[in-house]
Amino acid sequence: MLFYTLDIIGTFAFAISGVLVAMQKRMDLFGIFIIAFVTAVGGGTLRDVLIGKTPVGWMNDLNYVYTIGLAVIISIIFKNKLNRLRTSLFLFDTIGLGVFTIIGVEIGISAGLHPIICIALGTMSACFGGVIRDILCNEIPVIFRKEVYATACILGGITFFILQHFRLKEDLIYIFTAAIVISIRLLVVKFRIQLPTVYEKQ
Amino acid sequence: MLFYTLDIIGTFAFAISGVLVAMQKRMDLFGIFIIAFVTAVGGGTLRDVLIGKTPVGWMNDLNYVYTIGLAVIISIIFKNKLNRLRTSLFLFDTIGLGVFTIIGVEIGISAGLHPIICIALGTMSACFGGVIRDILCNEIPVIFRKEVYATACILGGITFFILQHFRLKEDLIYIFTAAIVISIRLLVVKFRIQLPTVYEKQ
Amino acid sequence: MLFYTLDIIGTFAFAISGVLVAMQKRMDLFGIFIIAFVTAVGGGTLRDVLIGKTPVGWMNDLNYVYTIGLAVIISIIFKNKLNRLRTSLFLFDTIGLGVFTIIGVEIGISAGLHPIICIALGTMSACFGGVIRDILCNEIPVIFRKEVYATACILGGITFFILQHFRLKEDLIYIFTAAIVISIRLLVVKFRIQLPTVYEKQ
């Protein structure tokens with residue numbers, strides 16, 4: 001139940017991040033809603049399609065649709081005040097990152113897939129909504145260029161399987177995994193860490 | 001049978017709209033065909049993939065492929081005269097919008113999905129071919145920015161369920177739904193209606 | 001076994017072509033890996049999703065993942081020397097084109113689809129990894145604009161079904177089909193052949 005609540009909070013935060021990008025592109029109401037929707041559930045949708053878990057998740061639970069609709073309405077009403085909530089939104093977004101990673105890994109495990117594929121599915125659930133958002137907004141996805149975002153999910157996924165190897169209880173595995181994803185993301189943003197560059201300095 | 005004919009007419013019109021965009025981008029013959037194809041069947045393909053109805057529709061009925069091939073050949077031969085047919089093309093396109101919406105809603109119902117999801121599937125069937133077309137052409141999808149296009153499908157879908165609630169005969173539901181979608185689209189274009197803006201005037 | 005080896009060689013070459021495009025866009029390590037991955041397996045993944053063959057191919061055989069990882073590491077280490085290997089890479093890429101076409105056609109046949117759809121699936125397997133790569137890199141796909149690339153696959157697919165009609169042995173069909181795809185691709189590049197233009201000269 002707590003887990004489901006955190007999932008909804010993450011969905012809410014992801015949707016708002018979609019609204020903000022859509023507004024920068026001066027989209028109309030329909031465009032804003034679609035971008036919010038895709039940012040929030042696009043990663044999980046891609047995951048479900050690739051493993052054949054259809055109809056995809058949000059079609060079976062309207063709470064996601066309602067949450068996203070609410071996020072759109074709230075962000076439009078308070079659009080001039082969203083800046084002041086930047087820190088809260090960042091925290092919600094980071095919680096979403098942790099929760100979505102765990103959901104993706106778990107769904108991979110129930111589909112009987114190899115741990116490497118499960119980690120990929122966790123990362124996809126958490127990060128590819130933003131990738132689809134950026135493509136629809138005609139941008140090169142930001143997580144391919146500079147943001148250390150997916151790395152937190154990958155390391156979280158690895159943590160998950162290490163802890164499972166030591167037969168920890170499921171709840172503890174969840175808490176540790178989410179903690180790893182969230183801490184890495186916070187550290188990365190605080191200390192402006194980037195992935196090692198593969199290019200010569202110019 | 002009439003319904004299938006209208007479906008093919010819509011496919012034809014959507015394909016031509018794809019050809020026109022591809023030619024603006026000076027694509028080669030292969031590119032033009034793919035863009036025409038994606039514009040015509042992309043929305044239905046996405047719908048089928050998301051609900052797990054595979055192999056997707058056009059793989060089981062080659063008439064769609066032939067129709068699109070014909071549309072490409074005709075538009076290339078008559079490319080200097082297409083402008084004069086603008087009104088007919090717009091009408092065909094609008095018929096397609098209505099028919100595709102109904103098909104999407106019906107497929108959602110047979111999959112046992114909630115009315116809200118069915119309306120989303122109808123809108124997706126009718127509008128997301130154009131979205132994929134715009135992404136492949138490296139544009140922000142036009143229906144996210146200014147065209148009131150999806151709104152007609154959403155209102156059509158709502159009409160569908162209201163009429164079904166009153167137990168109208170299926171044929172009548174189809175005719176009314178298509179009429180709503182088509183009338184809204186025509187009114188919108190005639191009176192240049194836009195969605196209410198969420199931005200301050202500049 | 002030979003066929004599987006050629007498949008892996010093609011995957012390797014496609015992945016390197018992805019790395020090169022990603023580096024031009026100055027992506028970070030994660031972005032480079034994803035673009036390499038998508039270029040190598042994106043076409044086959046799209047094919048699997050559209051016909052409902054899930055979980056998609058690479059989730060059931062980690063050798064693809066390892067091959068792509070290796071291709072990324074090698075291209076980053078030798079990035080200043082890749083230019084000298086241009087001819088070998090082009091040959092590997094062309095082998096991939098032939099092999100991926102055959103795999104796509106075969107999968108279409110096992111799904112009981114019409115020859116036209118099978119040829120489309122072969123072409124998709126071979127060419128649409130590059131299409132997804134270009135979209136993620138915010139470019140109009142190069143094979144829609146100037147490269148005669150898909151045409152080689154389409155003609156290869158047609159050859160496949162002609163030979164099958166004459167009841168040739170499967171091995172011979174494979175060899176001839178791959179030979180047709182590879183020869184057309186080589187001729188096209190050597191003689192700088194383009195598709196007939198549909199535009200007036202300017």
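Every residue number used here counts from 1 along the chain in the order it is shown.
In case you wondered, yes, glycine gets a Cβ from its N, Cα and C as well.
Unlike curated entries, TrEMBL annotations are predicted automatically.
What TrEMBL says about this protein:
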- A:5-79: domain 'Glycine transporter' (DOMAIN)
- A:91-164: domain 'Glycine transporter' (DOMAIN)
- A:6-23: transmembrane segment (TRANSMEM)
- A:30-50: transmembrane segment (TRANSMEM)
- A:62-78: transmembrane segment (TRANSMEM)
- A:90-107: transmembrane segment (TRANSMEM)
- A:113-136: transmembrane segment (TRANSMEM)
- A:148-166: transmembrane segment (TRANSMEM)
- A:172-193: transmembrane segment (TRANSMEM)
* To do: Pull the DSSP breakdown for the domain 'Glycine transporter' (A:5-79) and write it out as helix, strand, coil residue counts.
  => 62 helix, 0 strand, 13 coil
* Give the one range among A:6-23, A:62-78, A:90-107, A:113-136, A:172-193 whose Cβ atoms make the most pairs under 8 Å with those of the transmembrane segment (A:30-50). => A:113-136
* Would you mind listing the long-range same-chain contacts of the transmembrane segment (A:113-136), meaning Cβ under 8 Å and 6+ residues beyond its ends? => 14, 17-18, 21, 34-35, 38-44, 46-47, 50-51, 96-98, 100-105, 107, 142-144, 149-150, 153-154, 156-158, 160-161, 181
* Asked: Which residues, given as numbers and ranges, are at least 6 beyond the ends of the transmembrane segment (A:6-23) yet have a Cβ under 8 Å from it?
  -> 31-32, 35-41, 63-64, 67-68, 70-72, 74-76, 79, 82, 89, 92-93, 95-100, 103, 129-130, 133-134, 137
* With DSSP as the reference, give the number of residues of the domain 'Glycine transporter' (A:91-164) in helix, strand and coil. => 60 helix, 0 strand, 14 coil
